[in-house]
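**Student:** Quick one: the structure is below, questions incoming.
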Amino acid sequence: MGTYFGLHIEDSIANTRAIGAVMGGLLGGPVVGGLVGLTGGLHRYSMGGMTALSCMISTIVEGLLGGLVHSVLIRRGRPDKVFSPLTAGAITCVAELVQMLIILLIARPFDDALHLVSNIAAPMMVTNTVGAALFMRILLDKRAMFEKYTSAFSATALKVAASTEGILRQGFNEVNSMKVAQVLYQELDIGAVAITDREKLLAFYWYWRRSPSTGQTHFIRLYAESN
């Protein structure tokens, strides 16, 4: 997609392809980065142009570069740096510099390659660097959100367990089941609680507001009849 949405300049394409290659390597390691780079590179090569070969090679190198940084950070015990927007942006910026060098070394005629690099180097470095950093920032925000909800759910589960442990020690019957149902209803954001055994309903707890105009509320408590 980074290639398709790129801007055609002369016989080349100013693109954001480096983001996918670098992020694949940074998050998945050298193998993933190399495969992502190879896929993107072959696709770019199929589109032809003066820089087709150089862009294919540079995309593979970008993926491997991200994978190399991933391996180094993991070996040094710094996995937190893998998810750093600063790291993602810095590696992508370096990858774009490498790409420009590869274009100058491989693309011919050299004068055309130099003219192209002078036109696309700055915008591609800025857009890819910022894009990679923003992408990593989004991942961090998502992870923080999931961790927040996971912590909240864990705290609620522990609170419910502490509140119901003493009740269940007295036996699992209709009366105690109703007490447990009340605890579950009060602690959890749910509409109703039903507790059963293999044969019958032990307790059912449901909150129901009859009418907003009257403000009357009712708690319905049902016990199953013992067989």
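In case you wondered, yes, glycine gets a Cβ from its N, Cα and C as well.
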**Student:** Name the residue range among 18-38, 186-206 that TrEMBL annotates as transmembrane segment.
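**Tutor:** From TrEMBL, the annotated transmembrane segment range turns out to be 18-38.
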**Student:** Could you tell me what the rest of the chain brings near the transmembrane segment (18-38), counting residues at least six beyond its ends with Cβ under 8 Å?
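**Tutor:** For the transmembrane segment (18-38), the list is 1-2, 59-71, 82, 87-88, 91-92, 95-96, 99, 124, 128, 131-132, 135-136.
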**Student:** Counting only residues 6 or more past its boundaries, what in the same chain has a CB within less than 8 Å of a CB in the transmembrane segment (50-74)?
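**Tutor:** Residues packing against the transmembrane segment (50-74) from afar: 10-13, 17-18, 21-38, 40-42, 44, 81-82, 87, 91-92, 94-95, 98-99, 102-103, 105-108, 112-113, 116.
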